[in-house]
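The next block holds one structure in the form of structure tokens; read it before the comments.
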Amino acid sequence: MPSYTVMVATGSQWFAGTDDYIYITLVGTEGCSERTLLDKPFYNDFERGAVDSYDVTVGENLGEMELVKVEKNKYWVHDDWYCKYITVKTPSGDYVEFPCFRWLVDDKEVVLRDGRARLPKDDKTRLEKQHRRKELESRRKTYRWTEWQPGFPMSIDANTHKELPRDIQFDSEKGVDFILNYSKAIENLCVNQFMHMFQSSWNDFADFERIFVRIKNTISEYVMQHWKEDFMFGYQYLNGCNPVMIQKCTKLPEKFPVTHNMVADCLEREMTLEEEIKAGNIYLADYELMEDISPNSTDPCTLQYLAAPICMLYNNSQSKILPLAIQLGQTPGKDNPIFLPSDGQYDWMLAKIWVRSSDFHIHQTVTHLLRTHLVSEVFGVAMFRQLPAVHPAYKLLLPHIRFTIAINTKAREQLICEFGIFDKANGTGGGGHVEMIQKAMRSLTFRSLCFPDAIKARGMDSPEDLPYYYYRDDGNRVWDATKSFVWDVVCIYYDSDNTVQKDEEIQAFVKDVCSFGIPIGRRTIGPFPKSLKTREDLTEYLTVIIFTASAHHAAVNFGQYDWCSWIPNAPPTMRKPPPTQKGVVDVKFIIESLPDRGRSCWHLGAVWALSQFQENELFLGMYPDEHFIEKPVKEAMESFRQRLAEVSSAIKIRNEGKKLPYYYFSPDRIPNSVAV
């Protein structure tokens with residue numbers, strides 16, 4: 001009688017093993033095996049990280065293997081089991097791989113296809129088509145859209161991390177407990193001694209050093225030493241935590257009436273301000289989004305304030321970006337003066353501090369939360385709803401969605417919810433952050449997620465004009481490497497543009513994002529694509545998803561401790577309103593404007609925790625779970641890794657000897673997904 005050998009690999013995750021009953025059924029084109037018991041309680045099989053082998057005898061040859069059905073029945077209580085893959089050795093000696101990489105929970109049967117990626121057109125048999133349809137029907141019931149807040153991108157319908165499907169939960173919920181992690185960070189940074197003085201002010205700038213953690217040769221210490229300098233202020237617009245605000249000024253806006261006489265002493269080329277603008281040397285950072293955002297009022301003992309400044313910047317003859325003028329509100333007038341480098345020391349210092357505070361709010365809520373976390377979740381939910389596990393786009397995207405929905409759910413549960421810990425230190429807590437996302441959604445476009453397009457739209461694409469914009473240069477290299485890899489994979493499965501157009505699943509995926517995930521009703525400009533026409537369109541779309549979740553998240557997340565731990569450089573809140581006239585500010589006024597001791601400590605714990613990699617982090621190009629089994633895809637992955645290694649090497653060489661190295665786009669520091 002024919003005999004099949006079944007090899008079952010259990011995951012290495014904690015508690016991945018099981019003491020339940022495990023059954024298997026093999027399904028081929030010529031028939032199926034009987035339901036066979038592989039393991040029962042106390043057999044000590046299916047332990048964490050193990051590969052166990054079994055013989056399954058059948059009455060006749062099953063033909064070409066199509067499916068493997070795996071079933072787990074509880075012994076005493078449900079014992080979740082993580083199955084990595086199943087390999088079947090046929091009587092002819094062939095090996096057929098069935099990737100799983102899923103948790104088996106309850107008593108539900110899991111049906112696996114073999115590891116070959118297939119488009120809908122590739123499924124020929126009734127069984128294959130039926131399995132494809134049933135998988136998606138089940139997923140759409142499990143992965144449902146919901147609106148967490150009006151005007152937000154849609155998210156998964158789950159209120160807590162525990163309510164999520166088991167396959168997308170963190171292995172250990174403790175690892176993403178924000179309250180626990182922030183509290184640990186505060187303790188590890190030795191600043192918990194100040195927490196009992198929550199609302200008391202510091203005494204002077206030197207006092208902030210009492211909570212500043214000195215780590216040898218870090219950017220944070222350099223920031224602490226040079227934060228008052230105009231060079232440091234300007235440099236952050238290019239290579240700091242939020243290098244997306246600066247844009248070339250082609251015409252001075254009427255709401256910002258800077259004159260040549262105001263800034264003439266700072267211009268170096270013997271040109272008028274108008275001539276400098278025409279020459280492309282003037283830049284703007286406009287925080288208009290902050291206008292009319294409600295400041296945090298959750299603590300009746302501490303008034304908190306926000307501002308919506310406009311900052312003019314100058315590209316000087318040494319290609320350094322320096323601030324020229326700052327207006328702290330959007331409406332010019334006598335009570336909204338334009339602050340200049342020629343003003344009093346403390347007037348100019350406070351104006352820059354206000355800009356840095358507004359920049360912090362935009363960074364945290366829009367650049368980071370909205371445009372990496374929430375957008376990636378939309379793509380992830382749509383992927384689970386519309387792409388079956390055998391689809392090549394699903395296999396390609398899954399590593400870049402890993403834990404994203406889980407971290408976002410936990411954030412909605414603890415961090416950005418009403419009375420969440422976001423309220424403790426941030427001036428936009430208590431609802432202002434919600435208002436900011438609602439406003440920012442109106443200008444969220446697909447093209448703004450395409451890295452080269454976003455750079456060009458701000459007039460920042462010329463290396464000749466701005467030779468030290470490492471965010472742009474490194475980002476373009478990672479974008480190009482990623483897009484090349486995606487193109488290689490797309491061309492393996494799509495032989496023409498027509499194949500893309502006829503792939504109803506990829507079209508449904510794109511439509512789900514546009515119609516449900518980020519519907520046009522939430523935006524005023526630039527719809528997301530409703531369909532994809534060409535292989536180039538598909539390549540760009542998939543590249544946006546991967547780049548946003550990996551590279552761009554890394555670039556705007558992991559520098560938070562570097563740039564924001566010195567609190568005067570990134571105040572999370574301000575306790576006095578913006579000054580309405582010049583000449584009234586002194587050191588005492590500035591210190592009393594900056595965060596108090598308690599909020600400073602919460603802020604420091606937050607930026608420390610958010611800047612840490614996850615345990616067992618998987619970085620860009622690392623694909624240990626072999627969802628693809630085809631040799632051409634594995635070759636494309638190896639080529640991708642080689643290109644990424646070249647980028648990492650070039651960045652390392654450039655950074656040698658620099659006091660301010662830029663490494664946030666270095667592929668060896670880019671996790672595959674948004675997971676922190």
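Every residue, even glycine, has its Cβ placed from backbone N, Cα and C.
The Ca(2+) 2 binding site annotation in TrEMBL covers Asp39.
Residues or ranges marked as Fe cation binding site in TrEMBL: His368, His373, His553.
Feature annotation from TrEMBL assigns domain 'PLAT' to 2-118. Applying DSSP to the domain 'PLAT' (2-118) sorts its residues as follows: 0 helix, 62 strand, 55 coil.
If you look up TrEMBL, you'll see 117-676 marked as domain 'Lipoxygenase'.
All chains included, 20 other C-beta atoms sit within 10 angstroms of the C-beta of Trp103 (site 'Essential for stabilizing binding to COTL1'). Here TrEMBL flags Trp103 as site 'Essential for stabilizing binding to COTL1'.
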His368 (Fe cation binding site) CB neighbourhood, other CB atoms within 10 A: 21
Other residues, Cβ within 8 Å of His368, His373, His553 Cβ centroid (Fe cation site): Thr367, Leu369, Arg371, Thr372, Ser376, His552, Val556, Asn557, Val674
Stretch-averaged pLDDT - the domain 'Lipoxygenase' (117-676): 93
His553 (Fe cation binding site) to Asp39 (Ca(2+) 2 binding site) - Cα separation in whole Å: 43
List of residues, in chain order, with Cβ under 8 A from that of His373 (Fe cation binding site) and at least 6 apart: Thr404, Ile407, Asn408, Ala411, His553, Val674
Cα-to-Cα gap, Asp39 (Ca(2+) 2 binding site) vs Trp103 (site 'Essential for stabilizing binding to COTL1'), nearest whole Å: 17
